[in-house]
């Protein structure tokens, strides 16, 4: 069973490596192919973001309209004359909005309205939404007006990427331009799932799964967050309010999943630092959820708190890595996987900090706040997955070597049975279980191979070894799963018998009969080189026994010699 589990573990490891390599090639392939695609399929597309007019008569790009929020305005109004050149069939005004409500008018008549509505736990906004407003032939040359009301007074509230074209064309173009980023997020997520599966298999195979499990959970959170940030899933599945909430939730979980992974990796565990970050994340989640539900301030308005907890975790992680590196040097431990994990963590933490700084200091409107850290997360997961897999495989090899050494220490080289060392170990354990009441009683039996010296002297030690191995084979066949058998001396064997429901005396009778039957079968072989004969004695050991289990061994040994004496007496007198 153990070998099957280890074989299964090896299979999962190789499958993970295969999946990671395939995902890497897919991402590279998409990047290459993406560069060769045109921006739109071969249909008419009119870019419509520029040339809008404010109520004051000033010209402004719709992409720059967010600047009015910095001046304290609550709304803005922009107008523009629709072209007469667009094709009426399936023509739509396509655009995306983020964190704002708005109405659209054609020459004063309202034709479209969007108001963000979601559960209180989501906050004031539902995030990024894609819109397609159908343009009829009668709209040509008419004035279209946007009246926009922002959820927040910052650059996160905007309407941009306007174009006149069929909605399907617009959506395909957006998905094509963001498919690589989305697949990177999904690739990270899939690797996380594979690592969690690996950790389950490792646990079944009796290997420590904590490092692999913590990396898998971190990959799940990173992958899910970076995939949501592309807004790809929102365009395909909708459910924008839910996705908006999950976006913030995954972001809040990043610090705890990151520091738990690093703590699983380092030699000296830092539970206090993990506790500090865990408490900070818990307080953050509870506090932000309450302020959002009550309407005091939502996740977006308190985003700096989320960023502060991420930076706190990053500082702790950096300190833990430095301390671990120092400890590795002091212990003179140098393995390639340590440097791989260092590199991966540096890339992830570095890109996360750059992304935070960029987000808080840039005026570029984007629905994707994970553009830089996504690549950092991707390379982090690739590098650390390979490094962790290498570490697991090295530990498996060392464990296998230790198992081999242990097997050699507790196994008789000639017969493959458990040896005297294993016998003494198990003897102490059986005695403990009997005295503690875990088991009621056991049988201890001593078996001796008769005439071994005669076989060695007349036929040679080669045949003596064969006799010992044949005796061991008969004993193990008789015992099977009813107990354990040991070779404890040159021609001497020991047996422990135990059964939770069957009488140990009955089990011992069955074993004796089986050994006698096997002796008779062997001795009936015409061309045999020697007669096989064994003597044995046994005694029941329970809590009422006078003396230790080792003392009972001597009693069983006395019974064995009594049987041996009787056998010799029968031979001497010629009695069968």
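Just so you know, glycine gets a Cβ as well, placed from its N, Cα and C.
Of the candidate ranges 372-390, 391-409, 410-428, TrEMBL annotates residues 372-390 with the feature transmembrane segment.
Looking at the stretches 162-181, 302-321, 442-461, 462-481, the one that TrEMBL records under the feature transmembrane segment is 302-321. Contact between the transmembrane segment (209-228) and the transmembrane segment (273-296) is absent: fewer than three CB pairs lie under 8 Å, with pairs separated by 6 or more positions in sequence.
In the predicted structure, the domain 'GGDEF' (440-576) carries a mean pLDDT of 89. Beyond its flanks by at least six residues, the transmembrane segment (248-266) meets 210-211, 214-215, 217-218, 221-222, 224-225, 228, 273-274, 277-278, 280-281, 284-285, 288, 299-300, 306, 309-310, 312-314, 316-317, 320-321, 323-324, 327, 341, 345, 348, 352 of its own chain at Cβ-Cβ distances under 8 Å. Using a Cβ-Cβ cut-off under 8 Å and counting only residues 6 or more beyond its ends in the same chain, the transmembrane segment (302-321) has close neighbours at 248, 251-252, 254-256, 258-259, 262-263, 266, 270, 273, 276-277, 280-281, 284, 287-288, 291, 342, 345, 349, 352-353, 356, 359-360.
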